[in-house]
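If you check TrEMBL, you get these features:
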type     : residues                     : note
DOMAIN   : 17-179                       : domain 'FeoB-type G'
BINDING  : 24-31, 49-53, 70-73, 130-133 : GTP binding site
BINDING  : ASN35, ALA36, THR38, GLY39   : Mg(2+) binding site
TRANSMEM : 251-275                      : transmembrane segment
TRANSMEM : 311-335                      : transmembrane segment
TRANSMEM : 361-379                      : transmembrane segment
TRANSMEM : 391-410                      : transmembrane segment
TRANSMEM : 422-442                      : transmembrane segment
TRANSMEM : 479-502                      : transmembrane segment
TRANSMEM : 581-605                      : transmembrane segment
TRANSMEM : 617-637                      : transmembrane segment
Amino acid sequence: MEGAGAMGGISLTGQKVIRAGLIGNPNCGKTTLFNACTGANLKVANWPGVTVEKKEGQAAWQGREFRLTDLPGVYSLASYTMEEQVSKEFIQSGAVDVVVDVADASSLERNLYLTLQLLELGKPVVLALNMMDLVRERGLEIDLLLLSRLLGIPCVAISARERTGLDMLFYAMSCYQEYETPSPPVRKNHAPQRAENASAEGNYPVIEDIMLQVVKGREKDMAAAPKTGLEAEHGQPDRTDRMDRYLTGKWLGLPIFLGIMAMVFFLTFAVGGWLKGYFETALELVSRETGFLLETWKVSPMLQSLIVDGIISGVGGILTFLPNIFILFLALGYLEDSGYMARAAFVMDDLMSRVGLSGKAFLPLLLGFGCSVPAIMASRTLENRRDRLKTILITPFMSCSARLPVYVLFSSMFFGKYAMAACYSMYLTGILTAGVTAWVLFKLDSSGTDHMLLIELPDYKAPDARSIMLYVWEKVKDYLSKAGTVIFLASIVMWLILNFGAEGYVTDMSRSFGAAIGRQAAPVFEPVGLGYWQIIVALISGIAAKEVVVSSCGVLFGIQNITAAGGMADFARALGEMGFGIPNACALMTFCLLYVPCTAAIAAIRRETESKKLTAAFVLFQTAAAWIVSFIAYHGARAWMI
C-alpha cells in the first residue's frame, strides 16, 4: 500500500485503498481520532521540502482498507502558515480521495469556517462532529440531518475519546464516490468571489459597492461586540472557566505551573528511581552470567572486555534509566491531553515577551524537555524568521530527556537527599540561560517588534489513557531505538579508543588514544573544574548522544554496572581519589546541560537554518555558554563550601 500513486493503491483483497486526509482546528481531537482509527500502526515523517510533521496510518473496516493522513491543525486554508500551505496543497494534489473535517461540536460555529473553505476546493468532504459527549453534557443538541442538508455533505456524530460513532465515520468515508461534488456552501457574503470576478473584468463600480458592503458588515460586528462581551462576562461560568481563574491567573498562574513541573520531576525521580532498582538488578545478572559464559567458552580476554565492559556496560547502563523516561513522558502526556499545556503557554507569554520571544515559542521550547530534534522542527510554527532563529538557538538549552541519566547519576553520588533538587536546578538553569540569551539578543536587535499570542485554550477533560500510552510508547521506542543503534555503536567506538593506543592493544587506559585526546584538551577544561582526561573523553562521546556520557564513564573507569548502588560507590570512590568533588559535579552537570547538542539536533539545526555557517555559529555559541555558566557554577560551589 505504501507504493500507491495519485490514483490510489489496491489492497490485498483487490479493492481500492481509500485515502483519507484528517483536517481540523487545533485541539479539535483530530489526533485522538487518528490514534483511535489506526492504533499504533502509523508512520511518522516530514512533508516533502518542509519539516512539518506528517503522520500516516493504516486502518481496516468491514473488509475495506483505509490510508489515513493526519494533517497539521489549522484554522483556515489561507496559506499564511506552513501548516496551512501544506494542508491545502495536499488536498489539492489528488493524493486524497476524501477529506474528513474533524470539528469540535462544542464550538461548532467557529469550526465551520474551515468546513466552508474545504467545500470550495471541490473535494468529497465528511464532517466529523467530535466531542459530542461534551455537547450532551451541556444539554445541547445538533440537528445532523439539517446540517447535512445545508452543507450538502455527510455529517457524522463521533466521540474520539470514547470511540463512539467510528463505524458511521468509516461508512461515510467508504461511500465518498457518491458525493464527489459537494454542494456550494450557503454564504451570506460572496464579497471575495465577486471582487475577484469584478477585478478581472475591470468593473470598478462593482468593486466600490463590494467595499461599501464590507464596511457596513464590520460596523455591525463592532456594534455586536459590546453585547458579546457582556454575555461573556455575566454568563454562567463552567468548570473550565472556574479552573482557569486560578491556573491562568496573573498571580497564581506561574507559581502553579512551577509547582506542577516540580511534581512531575518528583514523580520521575521517586517512582522512576524505585523501578530503576529492578532494572539494575537485571543488568547485574545479565553482565555476570554473560561473563561466566564467555569464560566457560574460553573467549579471548579482549573480546570478553568488548562485550562485557563495552557493549553490556554501555547499552545496559542506559536502559536502567528507562523507568525515569517512562514516568517523565507519562506525566507530560497527561498534562498535554488534559488541556493544561496550552494554559502553560498562555501563562508564560508575558514572561517570554519581556525577553523578546513570542508566546508561541514556548511550545517548541517545551518540546525541548523531551527531545531537541522535534522541538527545533516545531519552530516552523513561528512566522517571523528572527523569532525562529532565536528559538532554534536557545532550544538546546532546554534539558532534554537524554541528559537525565547524567543528572541522576552525579546528583545521586554527590548530593544525597538533595539529589532531586539538584536535578530540578539543572532544568531551571537551562531555562534561565535561554531567557538571558533571548533577552540579550532582543536588546541587540533594534528591529524587534511586539509579539501577540493567539492561542486556543481547549476545555479541560479527563485524559484518554490509550492516547497517552501511544504517546509514551512513541517516546520510549525512540529511546530504545537510540540505545540499540547510536549508543551501541558509540560504546564500541569508546571501547576501541580506550583500549588501543600507539602500542596497539593496551590494558592501561592511560596509554590509549582516548587518554591522549583528553590530555590535549585538559587546559581548556581546567578552569571549570573538568580538567580530567576521563571526563573530557566522556563529554566528547556525548556529542553522539548525551546518554553516552554515562556509559562512557562506565567504560572509562572499568565499572560494569555504574548505575547500580555498588557501581556508583566505586565510581564516587574513583572520582574522589582524583580530587573530583561537589563543585566539579556541579560544573559537569551544568556543562552537560548546555554544551554542543547531539548530532541529530545539529542536523536538525542545519535543516531549519539552511546554513552551515549559522549552524556552526550556533554550536560554538552553545559550547561557549556552557563553559561560562560551568565556570560560574564551579567557582560558586567552591566559594559556598569554604
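Placement of Cβ uses the backbone N, Cα and C atoms for every residue, glycine included.
Whatever TrEMBL says is automated annotation, not expert-curated.
Using a Cβ-Cβ cut-off under 8 Å and counting only residues 6 or more beyond its ends in the same chain, the transmembrane segment (479-502) has close neighbours at 302, 305-306, 309-311, 313-315, 318-319, 322, 325, 401-402, 509, 511-517, 537, 541, 544-545, 547-548, 551-552, 555-556. A C-beta separation below 8 Å, combined with a sequence spacing of at least six in one chain, links ALA36 (Mg(2+) binding site) to ALA160, ARG163, LEU166, ARG466. When pLDDT is averaged over the domain 'FeoB-type G' (17-179), the result is 85. At the 8 Å Cβ cutoff, the transmembrane segment (581-605) and the transmembrane segment (311-335) share fewer than 3 close pairs (sequence separation 6 or more) and do not count as touching. Here the candidates are the binding-site residues GLY24, LYS30, MET131. The one whose C-alpha lies nearest to that of THR38 (Mg(2+) binding site) is LYS30. Comparing 251-275, 311-335, 361-379 for CB pairs under 8 angstroms to the transmembrane segment (391-410), the maximum falls on 361-379. A simple Cβ count within 10 Å picks out one of the binding-site residues GLY24, GLY39, PRO72 as the most packed, and that one is GLY24. Taking the Cα atom of each, PRO72 (GTP binding site) and ASN35 (Mg(2+) binding site) are about 14 angstrom apart. The CA atom of ASN35 (Mg(2+) binding site) is located 15 Å away from the CA atom of GLY24 (GTP binding site).
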